[in-house]
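Among the features that TrEMBL reports, domain 'Manganese/iron superoxide dismutase N-terminal' is placed at 3-84. Residues or ranges marked as Mn(2+) binding site by TrEMBL: 27, 77, 164, 168. Annotation comment: TrEMBL describes 92-197 as domain 'Manganese/iron superoxide dismutase C-terminal'.
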Ligand code: MN3
């Protein structure tokens, strides 16, 4: 069974003015679609066919660069679309809010640290909030389409929030102003979804 590209959970223009419709359309219909198709081509006829994406990425050091790049691209964007929503923004609630305060000092300090992870990722990559193997929240970043679920990542864990800082994610609207795109991102974060993923990650 090949991997399939799920439709965006909202319209292309739903995240405006923070992320523009044209960027969302190209990002999902071209970039994410290409990762999906290339992943399927890379695993076709191999022992990876039928495995879950998490299982493939957990052992990615055994596989080809095509599986690493496109498998990461497939997985990372699936999460990215889910943790954004037109009715997003604000602050997390419940245990996640409490644990962010404990771990990072305050929500403002967390935002600053996560934003820094995005701005300081040289070239293409991602910023992440993860639950590490000790069950603690941690912020990290990865190059290219690498992901904290991959066994090649220096800092590993279960991602619950991510931000794509590839130029294709913001260049049409923000050009070289990555920090402006990152500031805008906070207005569309789906904290309800992040909270849900936090609960699941903590229970494992
Ligand atoms: Mn992307």
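Including glycine, each Cβ sits where the backbone N, Cα and C put it.
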Residue among the binding-site residues 77, 168 whose Cβ has the most other Cβ atoms within 10 Å: 77
Residues within 8 Å of the 27, 77, 164, 168 Cβ centre (excluding the Mn(2+) site residues themselves): 28, 31, 32, 80, 166, 169
Residue 164 (Mn(2+) binding site), number of other Cβ atoms within 10 Å: 23
Structural state census, the domain 'Manganese/iron superoxide dismutase N-terminal' (3-84) (DSSP three-state): 50 helix, 1 strand, 31 coil
